[in-house]
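What follows is a single structure, written as structure tokens, with notes after it.
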Amino acid sequence: MNVLIVYYSMYGHIHRMAEAVAEGVREVPGAEAVLRRVPETLSPDVLEKMGAVEPQKAFAHIPVATVDELASADAIIFGTPTRFGNMCGQMRQFLDATGGLWVKGSLVGKAAGVFTSSATQHGGQESTILTFHTFLLHQGMVIVGLPYAFAGQTRIDEITGGSPYGASTIAGGQGERLPSENDLAGARFQGRYVAQIAAKLNG
């Protein structure tokens, strides 16, 4: 069973979460996690000014996703940073190229989930995932979130990401906060849970 993890990461926070999601997927017998990043849309000059060139070298080895790969996956988990309460433009552009899959119904019935990151605690994580769900519903996919069976999302002893809608992390205003162990545990849980649901859907 092929679980595709498609994401965009500018400074590495979503990449680290994607790795944790993949770890969770691989805990399910017979499940294979495949990491892919969506194409970059910003110019090298802009990335340089944003301080993103060096951080992105850490995951430059991850192959760039193609739309056709979505159709061949048994389940898909998407990762995007929050941009003003919505998914990032790179992910939006990638998804906008899936019209052919929609016409064919290629994604109908596939399990799907979303994880995200934001600079602040209340920086739009939930709205980002919920608006992403609109795309999944239009494609006929089966949405899988992060249930409260993952108790880590109810912790109040530390700043933490995660909601019933999906795993998440808080990066800090300057990207100085890396995903905590609790954030990563939520990502692993969601990866494992999506793979488990996909296995049931695929019989």
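Cβ coordinates come from backbone N, Cα and C, glycine included.
What Swiss-Prot says about this protein:
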type: BINDING; residues: 9-14, 82-84, 117-123, His138; note: FMN binding site
type: BINDING; residues: Tyr11; note: NAD(+) binding site
type: BINDING; residues: Trp102; note: substrate binding site
type: DOMAIN; residues: 3-194; note: domain 'Flavodoxin-like'
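Overlay of Swiss-Prot annotations on the structure.
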{"residue": "Ser9", "record": "FMN binding site", "Cβ neighbours (10 Å)": "25"}
{"residue": "Tyr11", "record": "NAD(+) binding site", "Cβ neighbours (10 Å)": "21"}
{"residue": "Gly12", "record": "FMN binding site", "Cβ neighbours (10 Å)": "20"}
{"residue": "Thr82", "record": "FMN binding site", "Cβ neighbours (10 Å)": "23"}
{"residue": "Trp102", "record": "substrate binding site", "Cβ neighbours (10 Å)": "14"}
{"residue": "Ser117", "record": "FMN binding site", "Cβ neighbours (10 Å)": "29"}
{"residue": "Thr120", "record": "FMN binding site", "Cβ neighbours (10 Å)": "13"}
{"residue": "Gly123", "record": "FMN binding site", "Cβ neighbours (10 Å)": "21"}
If you run the three-state DSSP split on Ser117 (FMN binding site), which class comes out?
-> strand
In the predicted model, what is the mean pLDDT computed over the domain 'Flavodoxin-like' (3-194)?
-> 95
Which one is it: of the binding-site residues Ser9, Tyr11, Gly12, Thr120, Gly123, whose Cα lies the shortest distance from the Cα of Trp102 (substrate binding site)?
-> Ser9
Using Cα coordinates, what distance in whole Å links Thr120 (FMN binding site) and Tyr11 (NAD(+) binding site)?
-> 15
